[in-house]
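Look at TrEMBL and you will find 1-24 tagged as signal peptide. Marked as heme c binding site by TrEMBL: Cys149, Cys152, His153.
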Amino acid sequence: MRMRQAGLAGAALAVAALAGAWQAAPALAQAGAASGTAGDVVAERKAGLKQMAGHLEAIKGILDSRGALEPVAGRATEMQRFFEGFPARFPPGSDTGDTRALPAVWSDRAGFERASANMVAALGKLRDAAAAGDAGATATAFREAGGTCGACHRNYRAR
């Protein structure tokens, strides 16, 4: 029993450390760009966006199979946290290298920040609908979140 408690405590610490690192990523990205590691900033945000795409695919699978909605709420919450700090993942100097971010990310910063805030709001609706167990509202909110994602891509991401 003692070993199991120690194992659970260790797992809880690992989860807490990962959550803290994920939340600190925008500040670290900004610091990295300031110290001349724009490539690292780009790689970090691309990895985060790849994870977000994975969440969207998983949510679509859940909705298509009419599965339990609790995992949707959890994934939407994680995505919401990521996008709350999204503009900070594009600090000055991170517009070079292997990135598809358009110059408008930096030249129309207010619009980019608004688009990010719209995504946070759309993901909040998705989370709330899933948490309420309403499959129809969850599907609608998922489509709206996808539209919000696409709207940002049209203005701020190269094809």
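One is the number of the first residue shown, and numbering goes on along the chain from there.
Even glycines carry a Cβ here, placed using N, Cα and C.
Listed in chain order, the residues near the heme c site other than Cys149, Cys152, His153 are Ala115, Met119, Thr148, Gly150, Ala151, Arg154, Tyr156, Arg157, each with its Cβ within 8 Å of the site Cβ centroid. Sequence-distant neighbours of Cys149 (heme c binding site): residues of the same chain at least 6 apart with a C-beta under 8 Å from its C-beta are Leu56, Met119.
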